[in-house]
Structures are given as C-alpha cells and as structure tokens.
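As recorded in Swiss-Prot:
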type	residues	note
ACT_SITE	His69	active site, proton acceptor
BINDING	Arg42, Ser110, Arg111, Thr112	substrate binding site
Amino acid sequence: MKMFKSLSLIPRIVSPFQKCYSTDLINLVGVPRVKITKGQNRYLLVNIHTHGFTKYGRVIVRGADVDNHLAIFDSILEELEPEGICAKILGGGRILNEPDNKKIKIYGTSRTFGGADHTRTRNILQAWTTYKDFKITVKQ
C-alpha cells in the first residue's frame, strides 16, 4: 500500500518539468529555419537553443541587406530573447538571392564572426520549401 501512495506522487513531481521542457521546445521549433531577403545580402549561420540545453539546438539562417553582420545578430537577439532562446553564431558570409531566376549564390566570410560552413547553409536552404527548386551554388 505504501508503494502505491509513493507512486501517486510521481505525476506531481514530473508535471512541472514536463511543462518546462515542452514549452521551451515549442518555442524552439516555432522559429523559422530560414529568413533571407531578395538581392545581395549578408547572412549568418546561427545555432539556437533554449537556455541551459545547448545539446538540443537547431541551426538557422538569417540574412538581410545591412551594413554589417552585427546588425543581423542584433535583430536575431531581439527576435529570440523574449522567447527564452539563446543564439550562438557559427559564422557568416554573403548570399545573392535571385528569386526570379531561382538561383542563390553563397560566398564570402564575415569579418566579425568568421566564415560559415556554406555547404551546411546550402543544405538548410534546400530543405526549406521556398528554396527547394532553386539552383544553389557555393563558393568557398
């Protein structure tokens, strides 16, 4: 009988942890993997994760027509910090996005954050439904 009473306490113990993990994961999965604009832009390859859970992250691509890569990073932080999501920059470069011709060219490096793995960026873009039919070239 004592064992059954002990087992009845398990849902009360597990429930707060379950809510914490599930809401954090929902926030993480809700972040779009790709946001790039039309034309020639700077871009960042970013690993995002919930605070304290660096092992369970995902990689996103963010690009914009700005003066430097730091401006992109600032916009990423403004987007993610209210959700409790942390960001680690993996590198940066440039993207030439031509949606009319269905072509994307990935090249260059970021002076601030170093070079990104352009092949990984290409794979993320190809997995995204918007850019699935695009011809994506990588120049190291």
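Cβ from N, Cα, C; glycine included.
Other than the site residues Arg42, Ser110, Arg111, Thr112, same-chain residues with C-beta atoms no more than 8 angstroms from the centre of those residues' C-beta atoms, the substrate site, are Asn68, His69, Leu70, Gly92, Thr109, Phe113. Taking each of the recorded positions Arg42, His69, Arg111 in turn and counting other Cβ atoms within 10 Å of its Cβ gives the largest count for His69.
Taking every pair among Arg42, Ser110, Arg111, Thr112, the residues recorded as binding substrate, the greatest CA to CA distance is 12 Å. The binding-site residues considered are Ser110, Thr112; of these, Thr112 has the fewest other C-beta atoms within 10 angstroms of its C-beta. The two recorded residues Thr112 (substrate binding site) and the residue listed as 'active site, proton acceptor' have their Cα atoms spaced 7 Å from each other.
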